[in-house]
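If you look up TrEMBL, you'll see 26-47, 59-78, 98-120, 140-162, 205-225, 237-260, 272-289 marked as transmembrane segment. What TrEMBL records for 41-287 is domain 'G-protein coupled receptors family 1 profile'.
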Amino acid sequence: MNETNLSWVTEFVLLGLSNSQELQPFLFLIFSLLYLAILLGNFLIILTVTSDSRLHTPMYFLLANLSFIDICVASFATPKMIADFLVERKVISFDACLAQIFFVHLFTGSEMVILVSMAYDRYVAICKPLHYMTIMSRRVCIALVLFSWFVGFIHTTSQLAFTVNLPFCGPNQVDSFFCDLPLVTKLACIDTYVVSLLIVADSGFLSMSSFLLLVVSYTVILITVRNRSSASMAKARSTLTAHITVVTLFFGPCIFIYVWPFSSYSVDKILAVFYTIFTPILNPVIYTLRNKEVKSAMSKLKSRYLKPGQVSAIIRNVLFLEMK
């Protein structure tokens, strides 16, 4: 193809979640509330863990980092999606599109490793309780978090390498609310079959290897817990239920999108909403509802900063200022 006859793509058009203009205000309201809930819920967990000395343990250190990554996962595309509900033509520049691809794989790759680290933490706590504080030292916990970001960076760099040099000279409509890599590569004006296979192999390897490690870890843990019947094991079962639920909610959509080759665009769009919106909002709910220590720490945090009568006093002051 003659390069002089090509019109290089400088922006992409995002088709969003729905073409119905009547639904846009409703979707704007719903996803604005969901995004606010994600920020408040995950920031609350981070604040609770950092402010209560009883929660300065490896498990809660990793949980706070998971909440931070959840905020990042929800923030790389959701604000743009919410703003796009208010405009008819949803466009994103080529560079911004590449930035979205970079951040989604950075954050999701890091989250996979954090979830594996949390499984390892539970394995050591339940299967090697006498050596727990020695194995899961502060240095090890920090190393696990840094390693998760390192893996995420390597993963996203390799994914971006497949895309950054592709020629885009024709169609520019992405049937999603953000620049999803498999959808963007299909718009290139060359045959991307091999590139698509490499993308699936890269993401599939990280997803499946992390998932298999989690399955093995939790299988060993569950067998250990089943053979013991003490009060501490009952607490461990409750904690494990929360961990396994979060793992299932996160890895299910990721594996389906990048490993299962027969999914349709509409299904991919729904699953993308699930792991970018609903998983980050469900994680705080799952961990707090099933964890007495976190709920107790949150109650103390509430009593410390919101003393009886303080909220009503703030409301009266606001109303008084409005009446002046």
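Placed from the backbone N, Cα and C atoms, the Cβ positions cover glycine too.
Nobody curates TrEMBL annotations by hand; they come from automatic prediction.
Counting same-chain residues at least six beyond the ends of the transmembrane segment (59-78), those with a Cβ under 8 angstroms from any Cβ of the stretch are 31, 35, 38-39, 42-43, 45-46, 49-50, 100, 103-104, 107-108, 110-111, 114-115, 117-118, 121-122, 125, 141, 144-145, 148, 177-178, 239, 275-277, 279-281, 283-284, 287, 294. Mean model confidence for the domain 'G-protein coupled receptors family 1 profile' (41-287) is a pLDDT of 85.
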